[in-house]
C-alpha cells in the first residue's frame, strides 16, 4: 500500500509540471498578431487585428476608414488639403441679367453685338416679275435674325441700320459659305433689302424699350416718388 501511494503521488506531480500541447492562440500559432516565440510565420503585429500593420481597422494600413490608405476621408490621400471641392458658381449681377433679357443675347466673339429674335421675312417687291419670283423661291436662304449693338451707341437710326445690315450679311454669308452654299449677286441684292427692313424693325423695337427704361428710371428717381416709397416702407416695417 505504501509503495502504491508513493507511485500515484509521483504521477500527479509529473502531470502538473508537464506543458500543455499547442492550440489556438498558443505558442507555435501560424496566425498573425499573437506575439508567440515559436513558429510564427508572420511578423509581430502592433496590437491591431488580422491584417492590420499599424492598428487600423480591417484592411486599413494606417488607421483610416475602410479603404482609406492614409487616414483621410473617402478618396482622400491623407489630409484635408487633398479634399475635392465643388467649384463655386459664377455670380451674375441683376443688372447684367436685366440687360440681356431686355436687349437680346450677346454673341461671343463679335465685339458686343447681340442677336435679335427671329422675324418673319418681309414681303418685298423688286420691280419685276423675275426678281419677285426668285425672292419667293429663295427667301428661306436669307437671314431671319439680325445682329446689332445697343441703340445708345449710335447717334441716329441710319448709323444703327447701316452697321446692322453689314454685320448680319457678313455673318450669314460666312456661315452659309462654310456649309458649301454660295450666293449670287441677285442673292446679295435681295438680302440687303430684306435685312435692311428687319434692322429698321429692330431699331424701332430697341428704341422703344430704351426710352421706356429711361422713363422708368426718371420716374422712380424723382423726389416725390422716393418720399412716397420711403413712407410706404415705414408703414410696412412699423
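Including glycine, each Cβ sits where the backbone N, Cα and C put it.
Not measured: the values here are computed from a predicted model.
Among the features that Swiss-Prot reports, Cu(2+) 1 binding site is placed at 47, 48.
Taken from Swiss-Prot, the feature Cu(2+) 2 binding site applies to 54, 55, 56, supported by similarity to another entry.
Here Swiss-Prot flags 62, 63, 64 as Cu(2+) 3 binding site.
Residues or ranges marked as Cu(2+) 4 binding site in Swiss-Prot: 70, 71, 72.
Sequence annotations record features per position, and here Swiss-Prot assigns disulfide bond to 164-199 based on similarity to another entry. Cβ-based neighbour count (10 Å, all protein chains) for residue 199 (disulfide bond) stands at 24.
Per Swiss-Prot, region 'Interaction with GRB2, ERI3 and SYN1' is recorded for 16-215.
Annotated region '4 X 8 AA tandem repeats of P-H-G-G-G-W-G-Q' per Swiss-Prot: 44-76, in sequence order.
Residue 164 (disulfide bond) falls within a helix when secondary structure is assigned with DSSP.
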